[in-house]
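Some notes on the structure that comes next.
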Amino acid sequence: MSDYSTGGPPPGPPPPAGGGGGAGGAGGGPPPGPPGAGDRGGGGPGGGGPGGGSAGGPSQPPGGGGPGIRKDAFADAVQRARQIAAKIGGDAATTVNNSTPDFGFGGQKRQLEDGDQPESKKLASQGDSISSQLGPIHPPPRTSMTEEYRVPDGMVGLIIGRGGEQINKIQQDSGCKVQISPDSGGLPERSVSLTGAPESVQKAKMMLDDIVSRGRGGPPGQFHDNANGGQNGTVQEIMIPAGKAGLVIGKGGETIKQLQERAGVKMILIQDGSQNTNVDKPLRIIGDPYKVQQACEMVMDILRERDQGGFGDRNEYGSRIGGGIDVPVPRHSVGVVIGRSGEMIKKIQNDAGVRIQFKQDDGTGPEKIAHIMGPPDRCEHAARIINDLLQSLRSGPPGPPGGPGMPPGGRGRGRGQGNWGPPGGEMTFSIPTHKCGLVIGRGGENVKAINQQTGAFVEISRQLPPNGDPNFKLFIIRGSPQQIDHAKQLIEEKIEGPLCPVGPGPGGPGPAGPMGPFNPGPFNQGPPGAPPHAGGPPPHQYPPQGWGNTYPQWQPPAPHDPSKAAAAAADPNAAWAAYYSHYYQQPPGPVPGPAPAPAAPPAQGEPPQPPPTGQSDYTKAWEEYYKKIGQQPQQPGAPPQQDYTKAWEEYYKKQAQVATGGGPGAPPGSQPDYSAAWAEYYRQQAAYYGQTPGPGGPQPPPTQQGQQQAQ
């Protein structure tokens, strides 16, 4: 009994395991003593008793830890398991929480239900359990970064794309947020903000480089060095002196636009509003190295020209606009300046080193403006070439009309004193009235297109046809022979038929033949008298007149009579007689009518001969006219005109000898033979136009043969 009283209460029945454990703990509470004392008090083995030996006795050393120490060790083990599960990121934490530990009592849930721990420790344990279960659902956030990237300012639109589709694609494919700065601030590059994971930012940069490289025409992936400090794209700044920034910019920015277009670079004049106007301003030039250098030289040329005092002034060639020169060119001479297939204007541009463009207009004015762009000295050189070319067109070969050349002032009718306009300055053609609309077009668009395409000037004449036929209208084409031929071809394509020449021949004025002015033959412009190339009076006979006053000598005759035409076809001689009687019934005025081969005064000792076919003798009238012309005062500054009076007298004498058959033995009423004269005329026509009449071409029309050919 003393043993029980000393070591603790007597052992209870076996079922209460908890009580036995507590007794054992009480017996082993004091520090372990000598082995004898321990045996006597039953602290280690005896304290366990039959109730607690299976749970606590064997797991603890004699006299060692109780239930509090075991619970702390279990909590530490659970905490370590949770940390391992969190690192693995799997379901290990859940497995650890639901598993039963290898201890002698219940699992974790059983532990929390024990009432031996304070309330705060229970709540902390529950929170740790919930966090371990929610950990796999919310993984830890990845590291994010923001980087500033730069792209060319001109490529921003390409990067954004239509409706922002390109920049959206970059963000979706790379997983990076892309934000572009709204303004470059006058710099050649725009800032782009890239936000995301490092690998996403790197991928977005590669995609931006590819887009910019494709925009510049290079292979993808080669822009990074260019846009961010590379050497393939050059940026150079030159200082513009104070007060000369306006020269570089030009009116409305025209000069700097032309410089950028010609050099193929981008120019930005940096102007700070806070700076003083007397401070030099930097001009930033961006582009390829060679183009940048060329642009710098062009800018310096403009500044140097101003220093020399010549920039912006007007000279004899036209007005300077934005570093260029405007040169007026007569509309009918535009084709000559351009040349066939543009050969002439290309040659001028290559020789002078400039660029020439004709400004668009409505096509109604007498001149077109050729705008020359380039350095000032080269522009002047090109303008000088164009003016020399126009001057050569205005001047014709000198010489009396009886010579082999054309009269001075060009073929046909010229303007003013006959020395204006290129050779072959004007031709008149008849077109059926119902086809005039095809030539003119709606609102005049067709005739304007012909004028612009050929360089000729086509207009409808206000004069009536020579025979007053209302079924035809007269059209006038002015320009060089090449321009006239080109315009004729286009008009013939529109009316689907040939044009009928009307009026004076290429060398002198003369109405159409008696078979009608609308015969579709190429050489029916004049009467079969003297050769047309020498039949007209000298060029200075024409007073100044406008384009509209083309045929002032014509009077509207009676309407066309078919019966008279049939009679004329039956008797050609009678038709020619009627033709001359109608044509020469008008009194000679200030603008004399055409002169057929009038009979010369009879030689000394011979009786006067009547003119053949009823023609009048106008020799004296012509002599008197030329005397009056010679007495008229010349305009100041005009070159002295030669006196062709004697030449014309000699010419008409020779024509009179030809008209009388070559000698006094010829019968007075015989028809003259103009075969040789017509042959010479056609030869000169072929030489002028660069064509050679073939075997079936026009033949000299002597008397009857000429009339049959005209039919």
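Backbone N, Cα and C define each Cβ position, glycine as well.
Sequence annotations record features per position, and here Swiss-Prot assigns compositional bias 'Pro residues' to 8-17 (among others).
Marked as compositional bias 'Gly residues' by Swiss-Prot: 18-28 (among others).
Annotation comment: Swiss-Prot describes 36-68 (among others) as compositional bias 'Gly residues'.
The compositional bias 'Basic and acidic residues' annotation in Swiss-Prot covers 110-122.
Feature annotation from Swiss-Prot assigns compositional bias 'Pro residues' to 397-407 (among others).
According to Swiss-Prot, the feature compositional bias 'Gly residues' maps to 408-424 (among others).
What Swiss-Prot lists as compositional bias 'Pro residues' is 501-520 (among others).
Residues or ranges marked as compositional bias 'Pro residues' in Swiss-Prot: 528-542 (among others).
Among the features that Swiss-Prot reports, compositional bias 'Pro residues' is placed at 587-613 (among others).
The SUMO2 cross-link annotation in Swiss-Prot covers LYS121.
Feature annotation from Swiss-Prot assigns N-acetylserine to SER2.
The feature omega-N-methylarginine is assigned by Swiss-Prot to ARG40 (among others).
What Swiss-Prot lists as phosphoserine is SER99 (among others).
Per Swiss-Prot, the feature phosphothreonine maps to THR100.
Taken from Swiss-Prot, the feature phosphoserine applies to SER125 (among others), supported by a large-scale study or a structure entry.
As annotated by Swiss-Prot, phosphoserine applies to SER129 (among others).
Separating the Cα atoms of ARG442 (omega-N-methylarginine) and SER184 (phosphoserine) is a whole-number distance of 50 Å. Of all the modified residues listed here (SER181, SER184, SER193, SER480), the one with the fewest other CB atoms within 10 A of its own CB is SER193. SER184 (phosphoserine) sits 55 Å from SER480 (phosphoserine), taking the Cα positions as reference.
Mapped onto three states, the DSSP output places SER193 (phosphoserine) in strand. The two recorded residues SER480 (phosphoserine) and SER181 (phosphoserine) have their Cα atoms spaced 60 Å from each other. Cα separation, SER193 (phosphoserine) to SER181 (phosphoserine), rounded: 8 Å.
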